[in-house]
Amino acid sequence: AMALRFSANLSWLFPELPALPARLEAAAAAGFGAVEAAWPAGCPAQELRAAAERARVRIALLNTPPGDPEAGELGLAAVPGRQAAFRQGLEAAVHYARAVGCRRIHVMAGRVPLGTDRAAVAGEMETTFIENLKYTADLLSQEDMIGLLEPINNRITDPRYYLNTPHQAAAILEKVGRPNLKLQLVSQAALGTASPLPSLGHIQIAQVPGRHEPDSPGELNFPYIFELLESLGYTGYVGCEYAPKGDTLEGLGWLRSYWESRGLQHGGTSKAAK
């Protein structure tokens with residue numbers, strides 16, 4: 001089985017460094033071959049691209065913009081009445097992704113609007129989401145990019161997020177029916193996904209419930225998950241989207257052990273290849 005490819009999430013890792021390009025360089029020095037980030041607010045695309053080229057690191061994933069965080073927005077794709085703002089944000093994300101050489105965009109569904117009942121708006125939100133996703137798939141196909149849908153857990157992470165289970169995401173992907181839209185899952189959801197593996201475009205990991213390093217105390221057995229993903233032939237990236245307990249580099253022992261156990265050198269290149 002092929003060894004997994006890991007991507008450092010710059011919105012979470014190396015918080016001791018203020019700017020994204022510096023975090024990218026730190027990730028490269030730690031051995032990562034790829035990085036990802038949420039919405040890269042305040043970082044011009046050419047700066048991030050130059051850092052990625054210097055460090056020979058690939059930018060694996062970016063998000064669509066959140067909308068208006070002051071108004072409690074976290075993505076717009078499923079929010080009724082925000083279609084124009086969604087399309088504008090999507091175009092900005094595509095433009096930025098093209099400039100930095102990124103081929104995957106996480107299309108954020110958004111939250112159930114404040115003061116409304118989830119059940120009352122669910123139908124309208126699904127209709128909005130499906131229309132926006134068809135528009136997204138068309139736009140992304142011109143760029144040879146992939147759009148990703150990520151369910152966010154209502155119990156632990158965000159009680160008002162619209163897209164909240166892998167089952168719901170898979171059903172929506174089926175209704176949209178476009179091959180360049182795929183599923184993005186967080187580690188606890190990745191366990192039951194042996195079946196929709198072809199539709200799995202990205203995985204992100206963090207220990208549960210503390211959201212720290214994979215080898216920190218918690219419910220998930222990451223060595224088992226990594227072996228499972230390898231045996232299923234997963235070839236996408238595994239994004240490290242966790243809050244380091246202390247120094248990011250010191251907390252990467254789990255990744256160094258993974259590389260060693262697979263006979264890989266620092267950075268995941270095979271010893272034979274050197």
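Glycine is no exception: its Cβ is also placed from the backbone N, Cα and C atoms.
Annotation comment: TrEMBL describes Glu150, Glu241 as active site, proton donor/acceptor. Look at TrEMBL and you will find 24-257 tagged as domain 'Xylose isomerase-like TIM barrel'.
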Stretch-averaged pLDDT - the domain 'Xylose isomerase-like TIM barrel' (24-257):
94
Integer Å distance between the CA atoms belonging to Glu150 (active site, proton donor/acceptor) and Glu241 (active site, proton donor/acceptor):
13
Hey, what's the Cβ neighbour count for Glu150 (active site, proton donor/acceptor) at 10 Å?
22
Using all protein chains in view, find how many other C-beta atoms are within 10 Å of the C-beta of Glu241 (active site, proton donor/acceptor).
21
